Amino acid sequence: MKKSTDADLAMSKSAVKISLDLLSNPLCEQDQDFLNMVTALDTAMKRMDAFNQEKVNQIQKTVIEPLKKFGSVFPSLNMAVKRREQALQDYRRLQAKVEKYEEKEKTGPVLAKLHQAREELRPVRDDFEAKNKQLLDEMPRFYNSRLDYFQPSFESLIRAQVVYYSEMHKIFGDLTQQLDQPGHPDEQRERENEAKLSELRALSIVADD
């Protein structure tokens, strides 16, 4: 999303730069009609850039920032899983110790060590069971909450895009009306451009060797 908004801003800034470069072209001083066309283009590009900036700001607040906050919970989640795994290892280690003494002949020293091992095991087992229960309870809730969390951001993204492209339709519609020449279809323009290009190619300074 961040790459997309950066690309959008770069696009509109480049469009504004193009129109500014055209305004500084000497042709604008020599041809009033050309100046009027470039001025109309420059106005349209600046309007586009302004609406684009609004769209990006909206996406930043309602999509990018919320998703960053959502992503920030994963380190804590991963840590909880690691703590549960460590508790499981400790539990298994002490459980194996208890089982080892249970298999031995029940002498006085063995029974004393068995009792001590069971005492060591009890808090470790309780700790593991508490951590395990917490993950079993909360992981499904976390997993199922993803859509509820993301849906408002997704809807906001769609609304921002709809508003932006609706405005672009108006801006470029207005620009087309300002620049369009009645009774001048695209096919005719293409023929005229080809004719002018042929004239340029015929000049000796651009002729092929």
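Quick reminder: no glycine exception, Cβ is built from N, Cα and C everywhere.
Curation does not apply to TrEMBL; its annotations are automatic.
Looking at 49-76, 77-104, 105-132, the range annotated in TrEMBL as coiled coil turns out to be 77-104.
Mean pLDDT, taken over the domain 'BAR' (1-188), works out to 91 on the 0 to 100 scale. Counting residue by residue with DSSP, the region 'Disordered' (177-196) contains 14 helix, 0 strand, 6 coil.
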